[in-house]
Amino acid sequence: MKDKYGREIDYLRISLTDKCNLRCAYCMEKDHNDFIHNDKLMTLDEILRVVKECASIGIKKVRLTGGEPLVREGIVDLIKNINKIPEIEEICLTTNGILLGDKVKELSENGLKRVNISLDTLKEDRFKEITRIGTLDKVLYSIEKCLENNVKVKINTVILEDFNKDEILDLINLAYKNPIDLRFIELMPIGEGKKFKGVTNSEILEIIKKEKKVLSDGKTLRLNGPAKYISIEGFKGKIGFISAMSDCFCEDCNRIRVTPEGFMKQCLHWKYGINLRDKMRNGISDEELREIIKKSIYEKPEKHNFKMKEKDEDKRFMYEIGG
């Protein structure tokens, strides 16, 4: 369906949990262990109900996020049941990759088509520094297993000043021999991210163009989503840029979000929305739930205002919202 600005909203991002098995520095406090109690999370049946009603009004693609979605029990059955919904054309997962390698075959067999894996460095010591408790080899193993099982892979990378800027060329080489899309995501001022200085994607692109032959005269192509892509001569995969801060893409936004507690967010930045979990637990019918979702989608704001200090800003951390 369309929102009031005429954008076609066909993509649902739904967070299964705020829990994570890493503590990435720009996402979560080092010693954080105060997560949402299980009885406040949407149940898997509630999640499935939301997906069904969203599908009935035009949602075609579902992405499961977190926190780390793979720490949520029952995810295989959830994907299996979402895959049975006729209107849903694609099920995707955003993950840190630590647990994925040993699960991807089963996930794929039950309907998972794509994964986005967060990876900011190829150096073990830096990986430990940024994630605080992670192991790089597990992520690289997960990428390998995804390719073996024909699950399409995108790698999401955040470049931080004075941390991994010198690895840009090494990181894009992941897309050289493999059909992997690597996307540079500009750091957004959410939660712990406000404490770091990111690098703009225009600067990253200039670094790449100095060393690689960018095809199509360096012009970028926006596909179905916020990323603009370039092709590099000899590369099997593409390089993408998600530039939320320097190149607002809100006019093409096609998504709606639901947090682990069932709060439907119309925009990542804005705090407004409606709690679907509470409505369901109060006994509303499927038709009533559908109408609430339709109204929420229709009222989606025109754009974010990350660069402004707004009273309407969502103060929660990214892992609480759904990354």
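Each residue's number is its place along the chain shown, starting with 1.
Using N, Cα and C of the backbone, Cβ positions are placed for all residues, glycine too.
In the three-state DSSP reading, K154 (GTP binding site) counts as strand. Annotation for K154 (GTP binding site): spatial neighbours R114, V115, N116, I117, I180, D181, L182, R183, G240, criterion Cβ-Cβ under 8 Å with sequence separation of six or more. Under the heading GTP binding site, Swiss-Prot lists R13, R63, T94, K154, R255, I256, R257, citing sequence analysis as support.
Under the heading [4Fe-4S] cluster 1 binding site, Swiss-Prot lists C20, C24, C27. When secondary structure is read from DSSP and collapsed to three states, C24 ([4Fe-4S] cluster 1 binding site) falls in the coil class.
Annotation comment: Swiss-Prot describes Y26, G67, S118, M188 as S-adenosyl-L-methionine binding site.
Its Cβ taken as reference, C267 ([4Fe-4S] cluster 2 binding site) is surrounded by 21 other Cβ atoms within 10 Å in the chains shown. Look at Swiss-Prot and you will find C250, C253, C267 tagged as [4Fe-4S] cluster 2 binding site.
If you look up Swiss-Prot, you'll see 4-233 marked as domain 'Radical SAM core', on the strength of sequence analysis.
Other Cβ atoms within 10 Å of the Cβ of C253 ([4Fe-4S] cluster 2 binding site), summed over all protein chains shown, number 24. Cα distances from C27 ([4Fe-4S] cluster 1 binding site) to the binding-site residues R13, M188, C253, R257 are smallest for M188. Cβ-based neighbour count (10 Å, all protein chains) for G67 (S-adenosyl-L-methionine binding site) stands at 29. For G67 (S-adenosyl-L-methionine binding site), the spatially nearest entry among the binding-site residues C20, T94, C250, I256, C267 is C20, judged by CA separation. Take the Cα of M188 (S-adenosyl-L-methionine binding site) and measure to each of the binding-site residues R13, C20, C24, I256: the nearest one is C24.
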